[in-house]
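J.: Have a look at this one before I ask anything.
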């Protein structure tokens with residue numbers, strides 16, 4: 001993969017427009033989770049150190065296109081960056097027809113989704129954005145799977161288009177895990193539905209030595225193995241698909257292990273009583289909410305011996321502590337493992353935070369949908385654009 005890197009470019013006196021993923025939760029005008037903002041700071045600081053006049057743009061939330069809505073304004077992000085950066089930071093509400101920006105200053109554009117045509121990758125809008133800069137920097141891995149005006153179109157028309165350090169680092173880490181992984185390679189795919197992760201499971205089943213399924217996804221595989229899953233969330237219409245995936249994994253020398261013990265309850269609630277059962281003893285009224293300790297230990301042993309671990313999705317309803325022990329044990333096993341580990345996806349990152357293992361994971365991916373599409377082997381439009389511009 002050949003793309004230009006911002007680190008390698010001369011930026012002194014240049015107008016540099018950086019597309020970051022600053023889509024953070026905001027409550028009462030204050031940013032409530034700053035992980036994405038912290039991840040973007042090194043790129044912005046590097047551009048400043050290189051002597052650039054810096055412009056930053058992002059979307060925030062899902063406003064109606066073409067309408068200003070204070071609830072989705074970038075102002076709280078500007079307030080955060082003003083404290084985090086040792087330079088002037090200001091918001092530009094009107095910028096498409098030109099914006100004044102000085103070297104050593106950061107101008108944050110108002111929410112790109114306030115512009116009509118952003119999501120449809122409107123060419124006229126993209127050209128206006130491109131005309132604002134000498135160098136366009138795509139640094140938002142979290143939106144790299146979307147071909148939109150601020151992530152794709154602008155890069156086609158800017159004088160120079162390159163990847164920022166965050167995007168470049170993300171691609172390098174994912175490439176290391178998927179293109180030439182240290183073996184054995186283990187992938188843990190959780191989540192509620194097989195249907196939403198089917199292409200990921202198909203793609204990974206042929207690449208990995210061990211594919212571990214968790215959450216509602218695992219229930220479909222439990223049912224496919226001939227066990228009763230009671231009232232658990234599962235997809236009866238995908239049982240044959242689950243059987244096919246297991247057969248495909250086994251024919252390649254791998255496997256998709258099914259839990260031998262599970263934690264069940266009669267209802268989905270924070271106060272539900274957790275009961276441990278053998279997987280063959282699940283009753284018609286039970287709902288499976290976690291894997292049991294024997295299954296968790298077996299998976300921990302697999303992780304302990306792995307060379308590479310890709311984690312996307314918890315193995316139980318860890319938001320409720322009585323159904324969190326399986327995910328907690330998996331998290332601890334990843335933390336203790338010498339494997340190169342990558343964690344990605346919103347629920348996964350929440351588990352990483354809850355069990356305090358962030359500093360023990362080799363790489364934490366900032367992308368949700370983009371992370372999944374990369375695992376599926378799909379081409380990310382923003383990356384394809386950068387490759388074409390590097391020719």
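Using N, Cα and C of the backbone, Cβ positions are placed for all residues, glycine too.
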J.: Since Swiss-Prot lists 21, 22, 23, 59, 60, 61, 62, 113, 146 for substrate, which candidate among 36, 38 does it give for that site as well?
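T.: For substrate, Swiss-Prot names 21, 22, 23, 59, 60, 61, 62, 113, 146; of 36, 38, the listed one is 36.
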J.: Which one, 197, 207, 231, is listed by Swiss-Prot in the same ATP site as 319, 345, 346, 347, 348?
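T.: Same ATP site in Swiss-Prot: 197.
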J.: Looking at the binding-site residues 197, 319, 345, 346, 347, 348, which ones sit with their CA no more than 10 Å from the CA of residue 59 (substrate binding site)?
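T.: Matched binding-site residues: none.
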J.: Could you state the whole-number distance in Å separating the C-alpha atoms of residue 345 (ATP binding site) and residue 23 (substrate binding site)?
T.: 14
J.: Which has the fewest other Cβ atoms within 10 Å: 61, 345, the binding-site residues listed?
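T.: Each of the binding-site residues 61, 345 was scored; lowest Cβ tally within 10 Å is 61.
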J.: Looking at the binding-site residues listed here (346, 347, 348), whose Cα lies nearest to that of residue 21 (substrate binding site)?
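T.: Closest candidate to residue 21 (substrate binding site), judged by Cα separation, is 346.
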J.: I want to check the contact list for residue 347 (ATP binding site): same chain, sequence separation of six or more, C-beta distance under 8 angstroms. What comes out?
T.: 190, 191, 313, 314
J.: Using DSSP reduced to three states, classify residue 319 (ATP binding site) as helix, strand or coil.
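T.: The residue in question, residue 319 (ATP binding site), is coil (DSSP, three-state).
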